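A.B. asks: So TrEMBL lists the following for this protein:
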type	residues	note
DOMAIN	464-937	domain 'GPI ethanolamine phosphate transferase 1 C-terminal'
TRANSMEM	32-53	transmembrane segment
TRANSMEM	474-500	transmembrane segment
TRANSMEM	521-540	transmembrane segment
TRANSMEM	583-604	transmembrane segment
TRANSMEM	610-628	transmembrane segment
TRANSMEM	635-655	transmembrane segment
TRANSMEM	707-726	transmembrane segment
TRANSMEM	738-756	transmembrane segment
TRANSMEM	787-808	transmembrane segment
TRANSMEM	878-899	transmembrane segment
TRANSMEM	911-932	transmembrane segment
TRANSMEM	944-964	transmembrane segment
Amino acid sequence: MRGDGILDSPHGDQINAAGVHKSGRLESRERWLVVLGVVLHAVYMLSIFDIYFKTPIVHGMDPVKPRYAAPAKRLVLLVADGLRADKFFEPDLQGQFRAPFLRSIMKTKGRWGVSHARPPTESRPGHVAIIAGFYEDPSAVTKGWKANPVEFDSVFNRSRHTISFGSPDIVPIFCSALSHSTWNTYPHEFEDFASDASFLDHWSFDQFKSLLNKSHEDLRLKKLLLQDNLVVFLHLLGCDTNGHAHRPYSSIYLNNVKVVDHIAESVYNLVEGYYKDNRTAYIFTADHGMSDKGSHGDGHPTNTDTPLVAWGAGIQNPKRLSQASHADDGFRFVDDHGHDMPTPVQWGLGGLERIDVNQADITPLMAAVLGLPCPVNSVGSLPLGYINLSKAEEAEALLANTKQVLNQFIRKSQLKQSNSLHFKPFKPLENYSLVLHQIEDLMSRGSFEPAMELSQNLRRLALEGLHYFQTYDWLMLMTTVTLGYVGWMVNLILHVLKFYTSLIDNAYKRNKAVVYSGSTTRKVDLCGCIVMGVLSTLLFLQNTPFLYHIYVSMTVFLWTQIWKDFEILKAIWRYMFSCKFSYLVKLFAICVLTVLILEFLVMSFSDRRLYTWCFLIVGVGAALFAFNNIRGPSFLSIFTLATCWFLSIFTLMPAEIPDNTQLVLASGAMVILVGVAGRWFDLRSGGNKYWFAIVDHDTMPPKVSKLFLFQVLLVCLSSGMVWLSTSHRTQKQELLTLHQIINWLVAGVSMGLPFFSPPSLISRLLSIFLGFAPPFLLLSIGYEALFYSALSLTLAAWILVECALLNLNKVKSFTMNDDDTKVKLNYGERYLQLPDLRVPLIFMILFNVAFFGTGNFASIASFEISSVYRFITIFSPFLMAALLIFKLFIPFLLVICALSALTKLMHIPRLGCYFIVILFSDIMTVHFFFLVRNTGSWMEIGNSISHFGIMSAQVVFVLLLFALTNLYTKDIKVGSSQLLFRKSN
């Protein structure tokens, strides 16, 4: 038999030179390889937290106190959680503005603008930016933004005393460990989405009012309230809760805007009446906005644009606009909005100067009006348009802000230099001390404008330097991890070539290569150990984290294993150039096509609708191919086209599956129709040469199976229980224990029945299809029940096309010589050939369709928990999660059962296919490794991590599913080639 490509044997009759048959040594090597893959992927999964999610916070900097008298003795910070800028500034339907008090402040006493938040627009990151001046520590992603992974400085820390009232999710973040604070929160039970949550805002104000009233009788409290550098923080949660529950365009949310305006007025009157000294500064803002759907988190303007109003001591009075419009100066805020954007006409503020800021800029503003050192971790820029100081004081405030950011840069530089053997400084700031002296000199001579310009430029460079040191190790770590993945993939390729193809044997035979001796192998191991020891020593001298040593050691180990096969690589290289040019072109074309398909699968994680186009096109292509090349079965091209187009519908469906019990019942009927059609095909196709191998009635005479009828009965029963259980739930009736017992029994018994089915390929796969249908139907709530049949039909089309192709090729080859028996491994398996790559590649496509055909597998939240209510109604998180995950795994089981059956049919090694699947998965894993995000919305960050994690876990996930499905498919029998040849004649 003539070979067909680089993985084939042109001679076809040689035993593999690298490993011969499936010996115990090979099985031991493969167990070792699987264990190595599991460890490698687990370790490299952790690397993203050292690369992308490393805390930017450093300690050890000295605070920089401004050298001017504080214009304010105290500051009141009001944060209306979830308040959108447009809903705050725009009028209602009657033309009345919802915040009359704060509008009067903007027009008569203070300054205003839009505060631009950076995603993730969540409550904790927003408050951290406002109060501490830096954008959320990305390492907090591992704690769900709920706890402080690293302690940080804040305006509250720098104050003499802080008084705070509000939500139990926000106030304790800043005050729980603060000794000089007075704070209180309402219980979590108060956050009731079924009611108007504006009472939470009144609660915060009432607590503060009560505290001031109490001070008239408590002299110690009175003394505390009269001291300077006092900060009052009221967290107003009403808008956020009402926005989630009722949407931001609802009357409840819009009325809550009026509530917070009234509270701001009440606080102002209360404080001014209490102190009577005009030394209080006030800042009103929001941590994030709210989308029309009642959610937040991403970078949409409705989430990032929040109102900012400041007035009182140290704050400038309003200014009229000097010109009608401003040209775009190229400046972009953290949410990527342009500077000097036009104010919407409906806001009615076109004549007033608007000063937009980044959310982190509020921190230095608060510190400046109180004369406090800016929090040492702040990256905010002092907004001079708000603060009311003389030119000299403005220059001093701006210099203090610059020194505070510069100190962070200096500290990071010192830490990195002390731990680096070859330190690379940030060149633009090598002479920062000279610039500081120049600024001081200009200020001493009264040249404040040039001094301020130099300060702003120096601060900008310091921020660039902070980013430089934050990503200082990225190149080393990403190179190490990428080389590790490449080394692992090369090891996989070599393993498949050595033990599952005839390539190595042919390469050795043609080039007369010499295999490394045991002593040479030991020398390679010794060199690898020396390199590993040297690199580990260098890392130790640089005080790098322990995991850095693991990353480097793993990579060196993998490339040491490759170096052991250096002679094999040379032999392959020589052999490739001795092959025909047409072989090399074919190999290159297949590699390029494979990579393009894998890149398509990567893109599908972001937009699963791509699968719709994929199956629409593949359906037409496969049908035309079957029509032109497989002349025998006339129905095959139509069947292939119909199944692919049917499957293409489901990736257009919404990820959140809507309830549709009628569709689930219809799906049960379709399962029965598919089962009957499959049984009819099994009984009627025994004499057809194309399907002889998969029906195999020579060993199993056709008959109406009682097992088949029983499985159909269970599908009918499960459909009936779906209707009965749903009826009880919709009528608010409790699901009877008897119903639950029946559902459990039906699901359990049906999954065990395929073990008793006939071992012919069609019979067994049909029994598996009917066996897993009842539990899937009982766990379905909508269109996903129909997806089960659509995926199964597509898998059937795949098997039929492969069977027809295989048998056509065999009939042609038998007329010359039956070489199939001469290129075999153990267990009746043959060597892999280049065209066989299509099998694991098609498997990857269908496996990913199983991921995303019924939702977004990367986000478990996209699946409806009500799908488990037919088995359990009492809240049990572990059992419910187990049932939900089991439901999601059933489509994967079908795909792997189909692959296992095809490996039996085509006599190709199952483990060889597994290793190729892992190879393809890791090509995608490397791509996802570079797509991990540490900025953006919580959903975007979480999805990027989950995509990388899903592909990394496939080395274990697919192996476990292979082991599980092997219980069902290990005894499948296919028709022999000799019998097929006799049938064809």
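The chain as shown is numbered from 1 upward.
The backbone N, Cα and C atoms fix where each Cβ goes, and this holds for glycine too.
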A.B. asks: Which residues, given as numbers and ranges, are at least 6 beyond the ends of the transmembrane segment (878-899) yet have a Cβ under 8 Å from it?
C.D. replies: 765, 768-769, 772, 775-776, 779-780, 787-788, 791-792, 795, 798-799, 839-840, 843, 846-847, 850, 853-854, 857, 860, 863, 865, 867-868, 871-872, 913, 958, 961-962, 964-965, 968-969
A.B. asks: Would you kindly check 474-500, 635-655, 707-726, 787-808 and say which stretch has the most C-beta pairs under 8 angstroms to the transmembrane segment (911-932)?
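C.D. replies: When the Cβ pairs under 8 Å are tallied, 474-500 comes out ahead.
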A.B. asks: Which range wins on Cβ pairs under 8 Å with the transmembrane segment (474-500): 32-53, 583-604, 635-655, 707-726, 787-808?
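C.D. replies: Ranking 32-53, 583-604, 635-655, 707-726, 787-808 by Cβ pairs under 8 Å to the transmembrane segment (474-500) puts 32-53 first.
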A.B. asks: Averaged over the domain 'GPI ethanolamine phosphate transferase 1 C-terminal' (464-937), what pLDDT does the prediction give?
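C.D. replies: Across the domain 'GPI ethanolamine phosphate transferase 1 C-terminal' (464-937), the average pLDDT comes out at 81.
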A.B. asks: At a Cβ cut-off of 8 Å, and with pairs 6 or more apart in sequence only, do we get at least 3 pairs between the transmembrane segment (787-808) and the transmembrane segment (635-655), yes or no?
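C.D. replies: Counting Cβ pairs under 8 Å (6 or more apart in sequence), the transmembrane segment (787-808) reaches the transmembrane segment (635-655), since there are 3 or more.
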A.B. asks: Is the transmembrane segment (583-604) packed against any residues at least 6 beyond its ends, judged by a Cβ distance under 8 Å, and which are they?
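C.D. replies: Non-local partners: 5-6, 576, 610-611, 614, 834, 837, 841, 844-845, 848, 852, 920, 923-924, 927-928, 931.
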